[in-house]
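First the structure, which I've put down as structure tokens, then a few questions once you've had a look.
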Amino acid sequence: MQIDGYTRLAAVVATPIKHSISPFIHNYAFEKTGINGVYVAWDIPESELQVTLKNIMRYDMFGINISMPYKQAVIPYLDEVTKAADLIGAVNTIVNRDGRLIGYNTDGFGFFKSLGTFADFDVADKVITILGGGGAATAIIAQAAINGAKKINIFNQTAFLEETKEKAKQISSKTGAAIEVFPVEDLNMIQKKVLVSDLFVNATNVGMDGKSMIINDSFEFPPNLMVADVIYQPFETPFLRLVRSRGLKAVNGLGMLLFQAAAAFELWTGKEMPSQEIWQALEKKYKSK
């Protein structure tokens, strides 16, 4: 990678962020596509957020990725947000287009691109049951609604149920999607909804410890159920291990990470990311952990 006076910058902004795999993904893509760009990680306090966004235009950057805890906080400083970002209420990609800052959310797109690529799954006219109501879950729910899902069942913690219901109502009113919200503590209801679902998603952090899962070993799955977990470290959570032991298709969150990045890269550069090459490198890295 040759850095010169014409090199353009992209970055991921969050706190903490030094652990991010995004610089590896995007710098690999810049090098392989021959684009004169560099991608770095900026760990900044919220008090510096507005000036950081101004610097996108000041330095003629491609744009930036936004991670927690700033996905909502950046929205007032943007000139425009896309339909998906507006539905989700969060932005993960900002594009510098002709001096205007446009906010996108590529998380939901990345999730369903992963399912389509690795499991040949299309969410249109399908029934989904999803565990979780946070940022990743909301992105998946909104994208599923945009893509024409028939029914979406959301299970979230009782403490956040009213907030989740309000968000679901907003998404439903703007897309026409049928959405219901239930307490995640009600395992019997989860079982009931999963038995009539086409897709079952864990969008919580339960399983990151490599030991825990929300459902139990006696849980029943319908044949041909597609299963996904947004977690990618560990590479196989107890949840995924259980469903694979029953012979079901299942994917982890690494593909979502890659394809949300690929969508951002294409928005910035107009070039397609060499996703297959990068996937092989990521798989090697995380399978060994």
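Cβ atoms here come from the backbone N, Cα and C positions, even for glycine.
Quantities reported herein were computed from a predicted structural model and do not represent experimental measurements.
Below are the features I grabbed from Swiss-Prot:
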type: BINDING; residues: SER20, ILE21, SER22, SER67, ASN92, ASP107, TYR232; note: shikimate binding site
type: ACT_SITE; residues: LYS71; note: active site, proton acceptor
type: BINDING; residues: GLY132, GLY133, GLY134, GLY135, ALA136, VAL230, GLY253; note: NADP(+) binding site
Given that the record lists SER20, ILE21, SER22, SER67, ASN92, ASP107, TYR232 as binding shikimate, what is the largest C-alpha to C-alpha distance among them, in Å?
18
Can you tell me the CA-to-CA distance separating TYR232 (shikimate binding site) and GLY253 (NADP(+) binding site), as a whole number of Å?
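Roughly 5 Å, rounded to the nearest whole number.
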In the structure shown, which of the binding-site residues ILE21, ALA136, VAL230 has the fewest other Cβ atoms within 10 Å?
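Among the binding-site residues ILE21, ALA136, VAL230, the lowest count of other Cβ atoms within 10 Å belongs to ILE21.
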Please state how far apart, in Å and to a whole number, the two most distant Cα atoms are among GLY132, GLY133, GLY134, GLY135, ALA136, VAL230, GLY253, the recorded NADP(+)-binding residues.
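Greatest Cα-Cα span of the listed binding residues: 16 Å.
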Out of GLY132, GLY134, GLY135, which of the binding-site residues is least crowded by other Cβ atoms within 10 Å?
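The binding-site residues GLY132, GLY134, GLY135 were compared, and GLY134 has the fewest Cβ atoms within 10 Å.
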Write down the Cα-Cα distance for SER20 (shikimate binding site) and VAL230 (NADP(+) binding site), rounded and given in Å.
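Between the alpha carbons of VAL230 (NADP(+) binding site) and SER20 (shikimate binding site) there are 16 Å.
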Roughly how many Å separate the Cα of GLY134 (NADP(+) binding site) from that of ASN92 (shikimate binding site), to the nearest whole number?
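With the alpha carbons as reference points, the distance is 14 Å.
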Are there any residues in the same chain, six or more apart in sequence, whose C-beta is under 8 angstroms from the C-beta of SER67 (shikimate binding site), and if so which?
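Counting only residues 6 or more apart in sequence, the Cβ neighbours of SER67 (shikimate binding site) under 8 Å are VAL12, VAL13, ALA14, ILE17, SER20, ASN92.
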Taking Cα atoms as reference points, which of the recorded positions ILE21, SER22, LYS71, ASP107 is nearest to GLY132 (NADP(+) binding site)?
ASP107
